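Chemist: The structure that follows is given in the form of structure tokens.
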Amino acid sequence: MPGTRLRDLSEGELLARIFPLLHGTTGPAHVHLGPGDDAAVLAAPSGAVVLTTDSMVRERDWRDDWSSGHEVGRKVVAQNLADIAAMGAVPTGLLIALAADPRTEVEWAVELTAGIAQAARAAGTPVLGGDLSSAGPGTIFVAITAVGDLAGRPPVRRDGARPGDVVAVAGTLGRSGGGLQLLLAGRGRTHLDPRPDAGASPLERAVDELCRVHRTAGEPPFAEGPRAADAGATAMIDVSDGLVRDLGRLARASGLRVELSGRALAAEAAGALTDALGADEALRQVLSGGEEHSLVATFPPGGVPAGWRVLGACVVGEPGVLVDGVEPDVLGWDHFRP
Ligand SMILES: Nc1ncnc2c1ncn2[C@@H]1O[C@H](COP(=O)(O)OP(=O)(O)OP(=O)(O)O)[C@@H](O)[C@H]1O
Ligand SMILES: Cc1ncc(C[n+]2csc(CCOP(=O)(O)O)c2C)c(N)n1
Ligand SMILES: [Mg+2]
């Protein structure tokens, strides 16, 4: 029913459109009760529950002329699953809250739910329920709460890094931030653009890749969180607001300085990012680009798991992040001081 708006349906009618999309996510045995009652009921396999919430707001976290509802759904799930992974945990369930202007097309809410369900299914995570509310003119607010389980592992916190530990990353850096730069500059690719065909130039393919990561968060390395925990990670965080800003949080919590290698960072900037943005802006995005939800962690020397790339080390010193001994001239994202 394209053109039908939320105000044309009752809450119950909208839920009747949404529930079938979630079928197939609620299979796991630890789900005692899924959506439909006042609350869901989950087993807590290892006696501790990991909880996080992360939301997206139209115009602040996405724009309808760039991203589809489906892409927003995938991205808001990725943000939450990355926070669960960054504790060394695996996700066991998701709750969805949606508040939207009644003029919003029903099709958009259905697409959002389909995107959420696709990402939930890919991660083997049940959608347990949620809430609906209306919002003021133009406003759409999507919040997800994620539940996770540590399977007996101790949580990997931000404050456990020790001098001498190695700093390493799983997943890419700067791609989402690079995509945002391209979209803001009018050089980006939106959900409305056709995808480049096989004959597209390397530049077109690079632009497409960066914008796709911006619109969806790409494929963050969720499974690397528990893997890093098992390998003895001493501290971990997902990169949501930019490498320097998020590592700065880890450094301050742990009371030490993180020294990054300019050479390692230049290697991160090589490829699609440099093809699309040039070397200087590519490096800036590696340092400051958020929303890609890669994982950075600290490991005792010799303990870096295969597939993680070393970026630097922890040393005794004033808490903060330096690149080749110099404080980098980047800020990263802050919602209240963009
Ligand atoms: N409104 C709030 N009320 C209570 N606690 C909050 C609130 N907002 C954030 N926090 C808590 O503050 C801490 C830092 O929040 P922040 O959102 O920066 O972390 P995060 O979830 O890792 O970030 P990101 O969403 O960027 O990955 C978290 O422990 C979070 O639970
Ligand atoms: C329209 C539009 N303008 C700006 C941005 C950039 N942006 C929004 S939130 C965020 C950091 C992560 O947030 P959180 O810490 O809440 O997970 C960034 C880099 C965007 N995505 N869309
Ligand atoms: Mg986080």
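The backbone N, Cα and C atoms fix where each Cβ goes, glycine too.
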Chemist: Per TrEMBL, which one of Asp8, Asp37, Asp38, Asp61 shares the substrate site with Glu291, Trp333?
Modeler: Asp61
Chemist: Rounded to the nearest Å, what's the C-alpha distance separating Asp61 (substrate binding site) and Asp54 (Mg(2+) 1 binding site)? Just drop the number here, would you?
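Modeler: Computed Cα spacing between Asp61 (substrate binding site) and Asp54 (Mg(2+) 1 binding site) is 11 Å.
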Chemist: Using DSSP, how many residues of the domain 'PurM-like N-terminal' (36-148) fall into helix, strand and coil, respectively?
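Modeler: Taking the domain 'PurM-like N-terminal' (36-148) as a whole: 34 helix, 42 strand, 37 coil.
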Chemist: Quick one: give me the count of other CB atoms within 10 A of the CB of Gly130 (ATP binding site).
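Modeler: Step by step: centre on the Cβ of Gly130 (ATP binding site), count other Cβ atoms within 10 Å, giving 21.
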Chemist: What does the structure give for the C-alpha distance between Asp241 (Mg(2+) 5 binding site) and Thr52 (Mg(2+) 4 binding site)? Integer Å is fine.
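Modeler: That separation, Cα to Cα, works out to 16 Å.
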Chemist: Other than Thr53, Asp54, Asp131, which residues of the chain come within 8 Å of the Mg(2+) 1 site, judged by Cβ distance to the Cβ centroid of those residues?
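Modeler: Sorted by sequence, the hits are Ser55, Asn80, Leu95, Ile96, Ala97, Ala143, Ile144, Thr145.
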Chemist: So of Asp54, Asp61, Asp83, Asp131, which of the binding-site residues has the fewest other Cβ atoms within 10 Å around its own Cβ?
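Modeler: If we count Cβ atoms within 10 Å for the binding-site residues Asp54, Asp61, Asp83, Asp131, the smallest count is at Asp131.
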Chemist: Those binding-site residues, Asp61, Asp131, Arg158, Asp238: which ones have a Cβ sitting under 6 Å from ligand 2?
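Modeler: So the answer is Asp61.
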